[in-house]
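Novice: Submitted below is the structure of interest, expressed as structure tokens.
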Amino acid sequence: MEQAAFNPAHLVPGIGLSPDKLLQGRLFSYGDAQRYRLGVNHDLIPVNAPKVPVHAYHRDGQMRVDDNYGSVLSYTPNSYGEWLDQPDHREPPLPLEGDMDRYEPKEDPTDDCFYQPGDLYRLITEEKKALLIENTARNMGPVTENIKYRHAAHCYLADRDYGQRIAKAMSLNMEEVIRLSKLSHADRMRATSSV
């Protein structure tokens, strides 16, 4: 019983929770205490494992009792269709004054994810910029071309000089990099995906 971990946050898809403050606090604190006591993989320990397989985003760590997802990619976005968000399994909207639902920042045209990397790039010295470009191009050598184009488009969105230098260092077509940089996030992902 010392490995048992009961958690009110373990729900089947389609069930939502009320905004009750005590319940919301317990949803966090039960799982947090169990992660501290038993490790991030406490739901894989046989006494806690459900009858159906667990498909969590957890990998490695204390009390890993399975194959650790083998060679499956463990990050998103990726170009192979693995480890993706499952919007069909999100919590249903909760009617308040309007609907409270999941916010997807990648689809918000006012959410600029590139200005901070651009500001940082413009702050570093020319010597450091050259080193950054050289290291990036060298380390991306074995990466597939579609990923190189996606990365160069992201660099171009951060700073045009950055994107142009990265594209040149990786021998990419600059017109294609600029075309990709003008797409929405979702369209850019589709255009540079190998799925």
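Cβ from N, Cα, C; glycine included.
All TrEMBL annotations are machine predictions without curation.
Quick paste from TrEMBL:
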- 1-81: domain 'Catalase core' (DOMAIN)
- 110-169: domain 'Catalase immune-responsive' (DOMAIN)
Novice: For the domain 'Catalase immune-responsive' (110-169), jot down how many residues DSSP puts in helix, in strand and in coil.
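Specialist: For the domain 'Catalase immune-responsive' (110-169), the helix, strand and coil counts are 47 helix, 0 strand, 13 coil.
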Novice: Give me the mean pLDDT over the domain 'Catalase core' (1-81), rounded to a whole number.
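Specialist: Across the residues of the domain 'Catalase core' (1-81) the model's pLDDT averages 82 on the 0 to 100 scale.
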